[in-house]
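Residues or ranges marked as region 'Methyltransferase' by Swiss-Prot: 52-409. The domain 'Alphavirus-like MT' feature in Swiss-Prot is assigned to 72-290; the stated evidence is sequence analysis. Taken from Swiss-Prot, the feature domain '(+)RNA virus helicase ATP-binding' covers 686-837. What Swiss-Prot records for 711-973 is region 'ATP-dependent helicase'. Taken from Swiss-Prot, the feature ATP binding site applies to Gly713, Val714, Ala715, Gly716, Cys717, Gly718, Lys719, Thr720. Swiss-Prot lists 838-991 with the feature domain '(+)RNA virus helicase C-terminal'.
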Amino acid sequence: MATSSFNINELVASHGDKGLLATALVDKTAHEQLEEQLQHQRRGLKVYIRNVLDVKDSEVIRTRYGGKYDLHLAQQELAPHGLAGALRLCETLDCLDFFPRSGLRQDLVLDFGGSWVTHYLRGHNVHCCSPCLGIRDKMRHTERLMSMRKVILNDPQQFDGRQPDFCTKSAAECKVQAHFAISIHGGYDMGFRGLCEAMNAHGTTILKGTMMFDGAMMFDDQGFIPELKCQWRKIKSAFSEEEDATCSAAKLNSSVFSRVRNGKTLIAFDFVEESTMSYVHDWDNIKSFMTDQTYSFNGMTYGIERCVIYAGVMTYKIVGVPGMCPPELIRHCIWFPSMKDYVGLKIPASDDLVKWKTVRILLSTLRETEEIAMRCYNDKKNWMDLFKIILGVLSSKSSTIVINGMSMQSGERIDLNDYHYIGFAILLHTKLKYEQLGKMYDMWNASFIWKWFASMSRPFRVFFSTVVKTLFPTLRPREEKEFLVKLSTFVTFNEECSFDGGKEWDVISSAAFVATQAVADGTILAEEKAKKLADRLAVPVEEVTAIPEVSPTPVDQGTACGLETETSELDSLSAQTRSPIARIAERATAMLEYSAYEKQLHDTTVSNLQRIWCMAGGDNKRNSLESNLKFVFDTYFSVDALVNVHFPTGRWMHPVPEGVVYSVGYNEKGLGPKLDSELYIVNGDCVISNSHDLFSITKSLLAPTGTISQVDGVAGCGKTTAIKSMFNPSTDIIVTANKKSAQDVRYALFKSTDSKEACAFVRTADSILLNDCPTVSRVLVDEVVLLHFGQLCAVMSKLHAVRALCFGDSEQIAFSSRDASFDMRFSKLIPDETSDADTTFRSPQDVVPLVRLMATKALPKGTRTKYSDGAQSKVRKSVTSRAVASVSLVELDPTRFYITMTQADKASLITRAKELNLPKAFYTDRIKTVHESQGISEDHVTLVRLKSTKCDLFKKFSYCLVAVTRHKVTFRYEYCGVLGGDLIANCIPLV
């Protein structure tokens with residue numbers, strides 16, 4: 001039997017890829033990779049681009065950002081330079097994504113020269129420095145105001161209470177501090193060094209930005225960026241279009257690329273086939289981003305790194321480092337990819353052939369033209385005949401030809417003004433080559449004596465030639481012997497960076513600090529992510545069984561909160577094991593944070609008012625505004641109903657709401673009290689303006705050393721009753737978080753809200769800090785969770801108190817920052833002793849299971865609520881709900897207390913009450929927001945929701961807890977429409 005052998009490895013290598021299994025495996029792998037890319041793209045941020053883009057432009061933006069963002073090209077509207085505008089939006093988002101951000105907040109970022117309305121509408125934590133340098137900037141601000149108004153009118157609830165964060169100062173003058181910054185096409189007027197100085201003024205260490213870029217700017221006087229359809233051109237002044245005609249070779253030979261002319265050279269950017277506004281900038285500023293590498297200023301060294309250059313846009317980053325920088329050679333290069341197919345040709349720039357200039361010509365065109373010129377050259381022919389031959393070949397290589405009815409571009413078109421001079425230069429170059437070759441041949445073929453004489457006489461000939469060129473410059477045309485110039489495809493820059501910044505930068509300590517800070521923020525972020533995941537994965541809770549009826553027993557309110565007698569007020573408090581030094585450090589840190597917070601609130605108020613004043617045409621010299629103030633203030637009035645203008649005649653632009661009194665105003669003199677004869681502007685922050693005083697006073701106080709005790713009790717556990725029983729006028733003072741709580745405690749204690757005794761012993765924390773007050777040994781604090789820990793410490797320090805006994809519910813609404821950009825870390829109370837009270841005497845019996853059910857749905861898994869024990873109230877069923885079609889169907893009963901989650905719903909109820917001619921006391925005292933009603937107790941309460949648009953407050957356990965625990969007898973929830981995630985509406989039917 002015959003046998004045969006074969007090499008299995010060779011067969012697999014040659015035929016393996018043709019097998020069905022191999023093809024199927026490749027298809028499966030390709031499908032998985034495509035699916036992963038698609039899923040990644042779907043998870044990316046959705047970016048909607050309304051500009052109409054053609055196919056080529058769409059590919060440009062998808063290639064650059066399609067892998068990072070889920071791009072939706074809506075093709076809705078034609079816009080000037082549409083691709084540039086679309087790229088600008090993606091560049092802004094890309095630069096912001098470079099910096100740290102969490103699900104809770106984004107670290108504050110500065111935007112030098114950016115569009116503040118873009119950040120405002122998207123909710124970015126960004127402060128824009130948008131100076132009004134001219135009419136163009138003011139036009140842009142006016143358009144942004146209109147855009148903001150347009151969006152807010154369509155969805156006012158989303159922007160309720162939100163203010164745009166920007167100023168009209170230059171980047172170097174603004175005082176807002178942030179570690180990070182962006183500059184989207186904002187560095188043209190500042191230059192590299194200007195950006196570095198602005199970063200230094202803001203304490204910024206990293207900046208990421210973009211700008212239009214074309215390497216040919218270093219060589220040419222004009223050029224074209226094809227992707228952006230942008231033509232750039234250097235001009236010598238803002239009012240002259242004369243081009244910069246300096247020899248390009250001289251520019252390349254200069255290592256520093258000095259100015260083209262002694263005067264200022266500008267560069268203009270024009271968009272082709274678009275009769276829109278162009279941009280003109282100082283060429284030196286733009287050039288600095290290409291030539292400069294480092295800059296040392298005010299103890300910091302800044303270095304620029306060019307990251308990505310695509311579609312005519314360069315993305316760069318500038319990083320600032322402190323301390324000493326030892327000597328180091330920094331090298332970078334700028335590439336000219338468009339130069340590789342070109343050669344420089346010197347052509348006459350004047351009729352006397354004294355001035356010459358260099359033009360670019362396609363290498364293939366010059367090579368073929370010169371080849372034919374060399375072959376056809378004949379010194380016996382008339383020069384005109386040779387010139388015509390060269391022009392004919394040059395024309396055929398740089399014109400449009402028609403073949404079989406189809407037009408084709410041969411080579412590249414030559415400038416009409418240079419066409420004849422290029423041909424003439426090629427003729428001179430050809431003739432010069434033949435003459436040089438002839439001299440070389442004659443020298444090679446000459447006798448020995450002639451060669452010796454030529455070599456000996458050469459120094460004399462060179463000397464006399466130099467003298468003639470100096471004395472008679474017009475006799476130089478024959479000396480132009482180098483017609484061809486080799487164009488480099490790149491240019492390099494070498495710079496030695498060395499800076500003595502004093503003390504060395506301790507990178508290790510900085511790394512430890514950043515790591516600790518990031519762990520704290522990451523922990524909070526992880527908790528929020530876990531909470532959101534629990535909401536998505538929560539299994540529907542089974543219906544709560546009815547609670548067995550509790551036999552009513554009389555309860556002595558004096559024993560509430562576990563306080564049997566006055567002497568045993570803190571028997572159940574557990575002492576904490578923290579050292580006194582650690583306690584003082586914590587309190588001092590909290591006080592510093594609170595003072596910084598109040599200062600930022602004051603600075604923000606001044607900045608907002610200054611921005612409005614400048615937008616309306618005011619300045620810091622004259623007490624006057626321009627004629628467009630109505631448009632400006634109508635736009636701001638749609639966001640803040642307390643924005644207004646006071647005229648010198650005493651008239652207001654808008655009627656002042658009843659009960660509102662402005663304590664300060666703003667004009668060219670700044671923020672402060674104003675006279676009736678002055679022109680000034682106001683907003684909601686001018687009603688009570690005490691942030692600067694609180695900052696100054698808190699900063700001057702030392703951290704207290706006394707003991708802080710906390711009674712953490714549920715709603716209705718008798719906290720106010722306990723305060724009444726413990727209060728001793730000789731040693732105590734009662735402190736509340738707000739004026740409404742102070743009035744409630746005064747009435748409960750003294751049966752009066754304005755008597756001398758009531759106002760002396762029950763005061764708000766702000767009142768104690770801002771006014772004179774006697775020293776006491778003990779402070780009783782009501783609703784302490786509404787106070788910043790630093791403010792509580794400041795109150796104790798000013799009163800010289802040795803003990804603070806604080807009452808509150810840690811699960812209810814806590815102190816929250818009014819400035820989203822402020823990094824709040826130490827606002828939560830850190831007590832030395834704690835005690836819990838989990839029995840409610842106010843809430844009916846069905847409230848506790850309702851609260852437990854809401855906690856199950858809203859709080860992270862494993863988190864328990866204090867509302868675990870039953871209620872001591874005799875009322876068993878109190879909670880109901882019903883749907884209403886509109887505010888007109890909400891029953892306004894003077895015997896009921898009405899609460900809302902938002903100020904907008906509160907305003908609607910007040911308007912409805914006025915339409916029904918209800919007493920003023922009703923809509924003034926008995927219609928409040930949930931936040932305002934914390935600490936209030938009423939018999940009958942109605943919660944009203946008039947909109948079904950997204951509102952996160954209905955998902956927050958703390959707000960819903962306050963809402964359902966204000967009543968003693970009945971609670972009714974009236975709502976318009978279905979709201980997804982409405983915690984109260986979802987839980988009431990299950991109780």
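All positions are counted from 1 along the displayed chain.
Each residue, glycine too, has its Cβ placed from N, Cα and C.
Note that the coordinates shown come from a computational prediction; the quantities given were computed from them, not determined experimentally.
It is Val714 that, of the binding-site residues Val714, Ala715, has its Cβ surrounded by the most other Cβ atoms within 10 Å.
Counting every protein chain shown, the Cβ of Gly713 (ATP binding site) has 24 other Cβ atoms within 10 Å. Classification of Cys717 (ATP binding site) by DSSP places it in coil, neither helical nor stranded. Cβ neighbour density within 10 Å is lowest for Thr720 among the binding-site residues Cys717, Thr720.
Taken together, the residues of the domain '(+)RNA virus helicase C-terminal' (838-991) have an average pLDDT of 89.
Each of the binding-site residues Gly716, Gly718 was scored by the other Cβ atoms within 10 Å of its Cβ; the lowest score goes to Gly716. There are 24 other CB atoms within 10 A of the CB of Lys719 (ATP binding site), with all protein chains counted.
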